[in-house]
Amino acid sequence: MSTTDDTHNTLSAGKCPFHQGGHDRSAGAGTASRDWWPNQLRVDLLNQHSNRSNPLGEDFDYRKEFSKLDYSALKGDLKALLTDSQPWWPADWGSYVGLFIRMAWHGAGTYRSIDGRGGAGRGQQRFAPLNSWPDNVSLDKARRLLWPIKQKYGQKISWADLFILAGNVALENSGFRTFGFGAGREDVWEPDLDVNWGDEKAWLTHRHPEALAKAPLGATEMGLIYVNPEGPDHSGEPLSAAAAIRATFGNMGMNDEETVALIAGGHTLGKTHGAAAASHVGADPEAAPIEAQGLGWASSYGSGVGADAITSGLEVVWTQTPTQWSNYFFENLFKYEWVQTRSPAGAIQFEAVDAPDIIPDPFDPSKKRKPTMLVTDLTLRFDPEFEKISRRFLNDPQAFNEAFARAWFKLTHRDMGPKARYIGPEVPKEDLIWQDPLPQPLYQPTQEDIINLKAAIAASGLSVSEMVSVAWASASTFRGGDKRGGANGARLALAPQRDWDVNAVAARVLPVLEALQKTTNKASLADIIVLAGVVGIEQAAAAAGVSISVPFAPGRVDARQDQTDIEMFSLLEPIADGFRNYRARLDVSTTESLLIDKAQQLTLTAPEMTVLVGGMRVLGTNFDGSQNGVFTDRPGVLSTDFFANLLDMRYEWKPTDDANELFEGRDRLTGEVKYTATRADLVFGSNSVLRALAEVYACSDAHEKFVKDFVAAWVKVMNLDRFDLL
């Protein structure tokens, strides 16, 4: 583990003064805007992962490249690698099984269900901060071991897919039968900036489980994937870790059975490494010197590798066959008396005091040791609920195998979204509830059907505001992090979404559209909801003097209630949706920051967010029908009035509540209140970046561009979950 003392500094008193004391003239050096204004709005989050950072170009099609892959040969190469021990990082017992399982586990384990961010889906373990987290010590070596294989197969396999597949092959090579593997994870080329890893400034700062439940964080300590293996705050108490384990695994959407299976399964193979104190360990990859070439944690203890390796500081081997699958974890857990001890590095762990020396040494076949366990392993024996599950798995190894296979598949695929995104020959046929399954299409509407449906919607008596609002309510649940939500499935008509306060419009509009769907029987309700938005926007554009056809791709289906996990879908309920001027809680960030958060989840750029907010305001789509931000005298017309009036210096804005959430815009001459607004409205005039964008649409020549840009951004949101079109 690295400390502040480990940070490498190339400057010293004896060096050339140019390199020592001269002004840094490099791009990006010097005091930055955020140094002066640390609360500056993070509009830059909407510019992540653009084509400018992608060396493969916007025409690269990963699914197409993957189809050219010799999948069997790749798995064969991975299997061979497992026992191809390298002298620069020798394999324990001659096998990298445990190392590759840990690499896959720690890549996927950053996922959190509360906001859908994290996970293995984009290969983020290659970048900071994850590449240098204390919990990821030595995984830099695992990735380097994979490099020759990645180099051989090139872009036919992404790093993100390769990390998880390597873990699967490791399990299979140990004799375990996995549930399957779905490829389809596309690499990105820079760190995710939108993931909130926490506010702590020091590694391994403890978080109370109750606090963890209120935040979108996946670990109980900064820099860990899950929990401190020595117990909360190094307590050494197995029972004290139970709440932390439930909190962190629960934040991933795992129940108690899945949690027990994952902990036990992950600790059936491999070992931890703690040959000596952490003071021997050098800088992490991000802080290591340039000649280290991205490798970190160089150890000065002995050879620094093999028997002398230091990773977590714990020195634990759980089972008698650490490279072969078994039920020894549970057998040892319940068979022996466990006594607290310390590793050579000083970390708290447990040893089976009454066990014979039955554990093989990883490098000396003539040596044996007693079984050892982590503090958190013993939680599975001493917590009453975990203990029941553990004993069942002890007595029924097949039940354990099945539970781990399914939990591992869920762990490694949870952030991939619907099954339609999976590719490859090992995709399981079974639909799983956490995949948000969808039925097969019942309708294939023709162009004539669509024309007739649009006419029926237009004649239904619904207003532009209602039609646009219901379509947005359906589609805007999408989360780019784990690809959940969206309009496909029409889950707006099901629990829990139909009853959300933000979706009040559904109670008025859905009965009309449901009746129309039953009468015509030509399209799914999901398609009709989106088509209603099309009709509303085309009417609003025509009223503004612009004739435009809003693109519409039919083919959505209607999910059933039994295909909808109410608890998991409840996590999609927004705290705020600035596009609809909705804010449920004032104790979570600022309104404008939550608007950025929502836009980022919808994969919108800053210009797309800007044009959508401006358009939706003049169309009157506020969730509660309020006039906040409706800066127009002609609501329902797709005009640029929002921008023109927001930037008009005739109006002076002042807050009307103590929280500074609501504002009045008064005529500077008469004092008359002309408009009301929220922070989600005024930010487009106050933030310098967003104001620059608003000015584009406020110009006299922007009307037609505004309509076209609005339609393009709108269609993007409506189709975010159309993975069937890939």
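Placement of Cβ uses the backbone N, Cα and C atoms for every residue, glycine included.
The annotation region 'Disordered' is assigned in Swiss-Prot to 1-33.
Long-range C-beta contacts of Arg102 (site 'Transition state stabilizer'), restricted to its own chain and to partners at least six residues apart, with a cutoff below 8 Å, comprise Leu139, Ala142, Gly266, Gly270. Annotation comment: Swiss-Prot describes Arg102 as site 'Transition state stabilizer'.
Per Swiss-Prot, the feature active site, proton acceptor maps to His106. Neighbour count (other Cβ atoms within 10 Å of the Cβ, all protein chains): 22 for His106 (active site, proton acceptor).
The heme b binding site annotation in Swiss-Prot covers His267 and is backed by sequence analysis. Under DSSP, His267 (heme b binding site) is assigned to coil, being neither helix nor strand in the three-state scheme. Residues near His267 (heme b binding site) in space but far in sequence (CB under 8 A, at least 6 apart, same chain), listed by position: Trp318, Phe329, Leu374, Asp377.
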